């Protein structure tokens, strides 16, 4: 403005406007302009004042926002003052480690604690363990003063004196009036000689010595009843041990020999494979119902399958006709408890049975006689004969005490024990031309053994593995199918490394908690297994896909067996006490002959679906 003013005044030499003059107009000063908005800083000043005031106070622990930077002392200042009466926690969290407050461990001996605990319950007072100095007591102070702070473990002087006098009186009565106190009344030489009665009277230690046996107190009614029941149970248990179940059998057929003198177990001469390949069964054709309790295992007669053997939880073993009548042929009774496992010999003339009565019996299939009995005092879970024809006298049994016991049945002696497992042994499977065998156990592992050598040559155990209570060998002998309790079937190679085949896994069924058997079709094309819901599952070996499921039992379907000759027939057993026989449709339609008419009977016929079920009518 000064420059403008000076420019308007000109100068002595500068030009001047004709209308300008020094007194023509007053000097005008324009007000200053600002583009910033007006801000009311009253609240800011108030906040700053409050912040400055709050810096000198501790922070409220329940607030979630702090408008300034607190100091370390403010953050860690202790909470003081009374607790809020309506707060959820009457005690600050830092002062409690229990729902009732703060609990501290007291350094007190167990004997002292028991003494004070019992004293409090008897007299009503006890020493205060929190007292650092002196003897402070809690409880009934009047009783404390009356008993002179006596505990249950402290005997008063008067009581001690009374007991001492009573003891002296009894000793005098027993010693004929002689005084024992201080050895008075005895010869010093006799007192020092341990062989004399004086030494015995002087040094007797037993607290029951010299006590007179008074009359026995009468038992209450409840005690008498308990004593009678205990004696009765003891007698029954002894009677069970003394009265063993006799070995016997009952034949249910018409005759044991036919008109040609052939035994009833002899397979038919014309028995041969019906088909070149296996087919999955589709329908139920027969049911065997002879067991009064569940059926734990079934086995077809070797090579021919004309008979089927079943082990029941009703302590009985039964054998059934498959080809002709479909009836029970013989019942074997010799076990006193449920039968766990059964196994045929190679020719089927003999079989083994293992029961929960801790016995293994070797039966003659035809006559029903027990050839020999074996036992180690433990429960046998699985029994197996050596598959070699020249070693049919070798018996292997997996026991509940983690051992595999090997017997020579000719001599009845134990020839070997394999004891590397850490749990009960569930399965025994021979591989590699019967030179080795694989065992599974409750310890969730597989172990491979050389036959006759109690040293593990292969140990398979992984963190993800479950127990495998059932194992079956593939018909080509190159693979093992193991039923795992995590609801899947795992495949292991039987070659040198015994590796898990990760590409083959069969799942979909529910077997957790049940030792459901797994098996193969005779040509190895299908895998089958029971499950805990009574179904029978069929998988394709190559694709691992489920082909079909059949509802066979009301309870658990524990065992499945594929017929060795009739490749489309499967037998199953379950805990409902039934044995089911399923068949494929191809077995019901024989090859038609010109000039012959056929009458198709229902599939539930007792002829079990063989071509004889279709009567030829000429």
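Just so you know, glycine gets a Cβ as well, placed from its N, Cα and C.
Annotated features in TrEMBL:
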type     : residues : note
COMPBIAS : 1-26     : compositional bias 'Low complexity'
COMPBIAS : 181-190  : compositional bias 'Acidic residues'
COMPBIAS : 210-260  : compositional bias 'Basic and acidic residues'
REGION   : 1-37     : region 'Disordered'
REGION   : 155-276  : region 'Disordered'
REPEAT   : 288-322  : repeat 'WD'
REPEAT   : 332-373  : repeat 'WD'
REPEAT   : 418-450  : repeat 'WD'
Tertiary contacts of the repeat 'WD' (288-322), as residues 6+ beyond its ends and Cβ separation under 8 Å: 245, 253, 265, 267-268, 271, 328-333, 335-348, 351, 353, 355, 363, 365, 517, 555-556, 558-559, 561, 563-566, 571-581, 608
For the repeat 'WD' (332-373), the number of residues DSSP places in helix, strand and coil: 0 helix, 23 strand, 19 coil
Secondary structure content, the repeat 'WD' (418-450) (per DSSP, counts of residues): 0 helix, 19 strand, 14 coil
